[in-house]
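Heads up, the thing below is written out as C-alpha cells.
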Amino acid sequence: MESGVPLCNTCGEQLGVNDKGEVFVACQGCNFPICKACVEHEINEGNSCCMRCGTPYEERTKDDDDDDIKVHENQSTMASQPSTYEDVGLHARHVSTVSTVDSEYHDESGNPIWKNRVESWKGKDKKSKKKKAPRADIEAPIPPEQQMEERQPTEAAAEPLSVVFPISKSKLAPYRTVIIVRLIILALFFHYRVTNPVDSAFGLWLTSIICEIWFAFSWVLDQFPKWCPVDRHTFIDNLSARFEKEGEPSQLAAVDFFVSTVDPLKEPPLITANTVLSILAVDYPVEKVSCYVSDDGAAMLTFESLVETAEFARKWVPFCKKFSIEPRAPEYYFSQKIDYLKDKVQPSFVKERRAMKRDYEEYKVRVNALVSKAQKTPEDGWTMQDGTPWPGNNSRDHPGMIQVFLGHSGALDIEGNELPRLVYVSREKRPGYQHHKKAGAENALVRVSAVLTNAPFILNLDCDHYVNNSKAVREAMCFLMDPEIGRDVCYVQFPQRFDGIDRSDRYANRNTVFFDVNMRGLDGIQGPVYVGTGCVFNRQALYGYSPASMPSLPKSSSCCCCPSKKSKDSSEVYRDAKRAELDAAIFNLREMDNYDEHERSMLISQLSFEKTFGLSTVFIESTLMENGGVAESADPAMLIKEAIHVISCGYEEKTDWGKEIGWIYGSVTEDILTGFKMQCRGWRSIYCMPLRPAFKGSAPINLSDRLHQVLRWALGSVEIFLSRHCPLWYGWAGGRLKLLQRMAYINTIVYPFTSLPLIAYCTLPAICLLTGKFIIPTLSNLASVLFLGLFLSIIITSVLELRWSGVSIEDLWRNEQFWVIGGVSAHLFAVFQGFLKMLAGVDTNFTVTAKAADDAEFGELYIIKWTTLLIPPTTLIVINLVGVVAGFSDALNGGYESWGPLFGKVFFAFWVIFHLYPFLKGLMGRQNRTPTIVILWSVLLASVFSLVWVKIDPFVNKVDNDAISGACSAIDC
C-alpha cells in the first residue's frame, strides 16, 4: 500500500495497472479490489460476476490478453494455507468477536459479502452445468477399438453394489395371516376375561387382567415392526471395479475407526491390542484407514501396551495381507481349532506362520509384564522413560493427550510399506466438569479425527470387538458409497457375534432372536437401531444435518393432540431451518479457499457455526467437507495443537454437542438415543449381515455379569422414557419417523416396565395354590376354544418366525427363558433406580464387566458373584415349588374332584419354574462348589416358607365353624 496501489482481496498481491497506466479495476460497479489474474481464474471457473455486488465482469476477448486463459490448480491457495493455519487457534477462540456490521465487508446496499458469495456459488453451479453440455460435442470421437477395450470395465462399474431380497411370500404371507388371527383371538379372549370376573378371588382376577393386557400391548409393539423383514446382498467386486481402477489411486472413501476403553485392569490391554491389530490389518487401502484409541482412564498401561502393539503391527499387518488370513486378530487366529493349511498354497506359509506365532508369544510376554507391573501403583505415580511424570496419574484431573504412532509420519512395516494411522487419545478431564462417560469420549474422538484425518465415515468398536471379516468395511461401503441409496443412509449396522459362549448359551448371551429377527424386520422399515458397536456412520449425519433428499420441515407442523408440545415442535422446525442454512454452505467449499483468514472467520460467525460445533475454525471447516479430507499443506504440529484444543473440558459448553450433534447425552444407552435422533431427522439405516461375521466380541457369560449388563441396558431405556427424547412424544413434527419404526423405539424404552406385571404374574400361581383360589372361573366350551386358539396361535407364530428367520428353536427358548429371568430381576431394579435417578437425583455407578475368561473352557460360566439381583428370582422359584407341594397335598385330601382345578394352577407354576431353570442352574454353580451365601439364603427362605406351611396345615381336615356351632347348640348341657 506504500505505492498507493491496493492489494488484491483474494491473493494479496498488488492489483497492477492496465495498458493506460491506471490501476486495474475488475468491477465498475463497486470497485471490489481483485487483480487481473484472479479475475481470469474466476471467469475460467465459470464465475463471471463480482463477488461483492454480483455485477457481471466486462467481456474480454483473447486480443486483450497475451496468453490464453488456462485452468490451473490452487497452488497459491495451498501454499498460503500454513500461514493461514498458524493463527487458527487465536481465531478459533475469538471468532465470535468479529463484527458483522463492518462496512469493509458489506456492499453499498448493506448486504453482507458472504451472502453474495453464496449466491455466486449457486450461479456458478448452474452456469457450469450449462457449459458442460456443449463441451461434449467438441471432444473428438473415441475410436471403436478403444470403445471395445473400455466397455468391459465400464459395464462392471455400472453393476449394482447391493440388492434387497424380500422374504418369499410363501413364508411371509402365512406369518402375517397368523399375526392377524392372533390379534382377533386376543380381542375375543379379553372380552371373555373382562365379562367373566371371579368374585371369590376378585383381587387376583383383576391383577391377572391388568398383567395380560400389558403383555398383549408389549407383544404388539414387538411384533408389528417385524412385518416387512428383508435380506440384503452386497457385491464387493462391483465396488472394486467402480472405485479401484488399475494404475489410478483408489477412490474408496476413507474410514476412521474408533476404539473405546476405560480401565485396563478390567478390559485387558491384550484384548484391546487384538482389536487394534485386526483394524490395522483390514483389507482396505492403508491411506484410507485411521485407528483412534480412546483411553478414558488415562492409564499409562494402555499407552505402553499401544506402543508395543504399534511395533508388533509392523510384522503382523504384512503377514496378514500376504497370506489373506482370517481373522486378523492374532489371539483368535492362533487359537482356531481348524486346518490352517487349507487354501494356503505358498510354500513359505508354514515357516512364516511358525515365526509369527513365536513373535506373538514374545509380544504377549511383554504386554503381560506391563500388566503385572501395573498391579501396584507407585506412591509418586507413574513415570515415563524420559523421567517426566505421567500426565494421567490422576485419572480425574489431567490434560488432554494425543500420540500418533503409525501412519504418514510414523514407522513403516518390515517390508517398507505404509501402515494405517494409529492415534492414542485421552481427552482432558478436570473436576467440576460433566464428562458424559462413553458418549463424551466418542464425541471427543469425532472432533479429533475431524482435525487430523477427517474421513467421511466412522466405524466404532468396543475394545473387545475385533474385526472378524477383513472385508467388512467394503461390505459397508457397498451401501454408503452407492449413489442411489447412500445419500440417505446415516449408518450401516452389523450384527453382534460372540466368542467364548457355551453351546447351549444358557443365558442367551448371543441375543440371536434380536439380531436375526427383530433387526431384519426393522431393516425393511426405516432401518435397524444402533446397538453401540460394529456400526459405520456417515459423519455428516453425526453433525446433525438432514439427508439431502429430505424436504425441510413445514413451519406450521405441530402436534395436534398435545398443545403443550407446540413450542417444542416449533423449536424443532427452527433447528431444521438452521441446518438448511448450514447445508447451503456445503455445496462448494473450495471457494472458501479464496477468503483471507479474517473473512473466513467472519463467515463462520455469520452462519453461527461456533454455536453449534464450538470455537475451532479448523474443526468447523472440516464439518463443511462432505467428502472429508485435510489440506496437504496443513502443518501437522498445528493440527495436533488444534486437536488438543477440541478435546478440552470446556469445549462443548454452550454448543449442541450431545444435544443435537454427535453421540447424544442423557442416557446410559447413548446408542439407542443417538440412532433415534438421526432417524427422526429422516435418515435411514442399513442392516448388513455378511456370511462371515464382520465383528466378534467377548460376552460376560456368567450369571452375575450378564444380569448387570441387562440392568445397565434397562436403566438406559428408563432414562430415555423419562427424558424429552421419549419416542412417545418426541419427533412427531414433519412425520419423518415411520409409525412402525416409532413402535420399535417405544418398545425399546418401555420393556423394563414389563417387569412389574411379570413378577406379579409369576407370583399368582403360588398364591392360587396356597389359597385354593384361581384367577379363571369354570371354563365353558367357548372359553376352552379361546384358550386353545390362543396357545396354538402363539406356537404357530413362533414356528413361522423360525421358518423365515432361520433361528433355531433352542435359541428361541433360551431367549424366552432369559426374558423372564431378566424381567423379574434386572429390569425390576432398573425401573426403581431409573426413577430414583431422574426424580431424586440418586445416581447409580456401574462397574465395567470383565472381558477376560479363565483358562478352563467356559470356566467363567460357573462363577457366582453375589448380588441383590439374585434375590427376586430365587424367591419366585422357592414360593412356586412350595405352592406346587401345597397344591398336591390339598388335592390328596380333597378327593377326586379337586384334581381338575389343580391342573391349571400347577401348569402356570411349572411355566414359571421352567423359565427360571437356567437361573437355578447358574445359581448352583459347579457341583460341590455352591457358594456359601446361596446355602444361607436357601436355608433362610426354607425356614420362612416352613412357617407358612405350618400356618396353612394342609393335612388337617377343614372344619366348618358354622356346623360346629350348630351341633353345639343342639346338645343339652
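Note: Cβ is positioned from N, Cα and C throughout, glycine not excepted.
Curation plays no part in TrEMBL annotations; they are all automatic predictions.
Database features (TrEMBL):
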type	residues	note
ACT_SITE	Asp296	active site
ACT_SITE	Asp671	active site
BINDING	Ser260, Lys266, Glu267, Asp296, Lys437	UDP-alpha-D-glucose binding site
BINDING	Lys438, Asp462	Mn(2+) binding site
DOMAIN	7-60	domain 'Cellulose synthase RING-type zinc finger'
TRANSMEM	172-190	transmembrane segment
TRANSMEM	202-221	transmembrane segment
TRANSMEM	749-770	transmembrane segment
TRANSMEM	782-800	transmembrane segment
TRANSMEM	820-840	transmembrane segment
TRANSMEM	861-882	transmembrane segment
TRANSMEM	902-920	transmembrane segment
TRANSMEM	932-952	transmembrane segment
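Sequence features annotated in TrEMBL and their locations in the structure.
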residue: Ser260; record: UDP-alpha-D-glucose binding site; CB count, 10 Å: 22
residue: Lys266; record: UDP-alpha-D-glucose binding site; CB count, 10 Å: 14
residue: Glu267; record: UDP-alpha-D-glucose binding site; CB count, 10 Å: 23
residue: Asp296; record: active site; CB count, 10 Å: 22
residue: Lys437; record: UDP-alpha-D-glucose binding site; CB count, 10 Å: 15
residue: Lys438; record: Mn(2+) binding site; CB count, 10 Å: 19
residue: Asp462; record: Mn(2+) binding site; CB count, 10 Å: 23
residue: Asp671; record: active site; CB count, 10 Å: 24
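Proximity of distant same-chain residues to the transmembrane segment (820-840), defined by a Cβ-Cβ separation under 8 Å and at least 6 residues beyond the stretch ends, is recorded for 507, 707-708, 710-711, 714-715, 717-719, 721-723, 751-756, 758-759, 762, 868-870, 872-873, 876, 912, 915-916, 918-919. Across the structure, Asp462 (Mn(2+) binding site) and Asp671 (active site) place their CA atoms 12 angstrom apart.
Sequence-distant neighbours of the transmembrane segment (782-800) (same chain, 6+ residues past either end, Cβ-Cβ under 8 Å): 171, 174-175, 178-179, 181-182, 185-186, 188-189, 192, 196, 223, 776, 812. Taking Ser260 (UDP-alpha-D-glucose binding site) as the reference point, the recorded positions whose C-alpha atoms are within 10 Å of its C-alpha, out of Asp296, Lys438, Asp671, are Asp296, Lys438. Neighbours of Asp296 (active site) among the recorded positions Lys266, Glu267, Asp671, defined as a Cα within 10 Å of its Cα, are absent: none qualifies.
Here the C-alpha separation of Lys266 (UDP-alpha-D-glucose binding site) and Lys438 (Mn(2+) binding site) works out to 16 Å. Separation of the C-alpha atoms of Glu267 (UDP-alpha-D-glucose binding site) and Asp671 (active site): 20 Å, rounded to the nearest whole number. Taken together, the residues in the domain 'Cellulose synthase RING-type zinc finger' (7-60) have a mean pLDDT of 71 on the 0 to 100 scale. If you take the Cα of Asp671 (active site) and the Cα of Lys438 (Mn(2+) binding site), they are about 10 angstrom apart, rounded to a whole number.
Among the residues the record lists as binding UDP-alpha-D-glucose, namely Ser260, Lys266, Glu267, Asp296, Lys437, the two farthest apart have Cα atoms separated by 16 Å.
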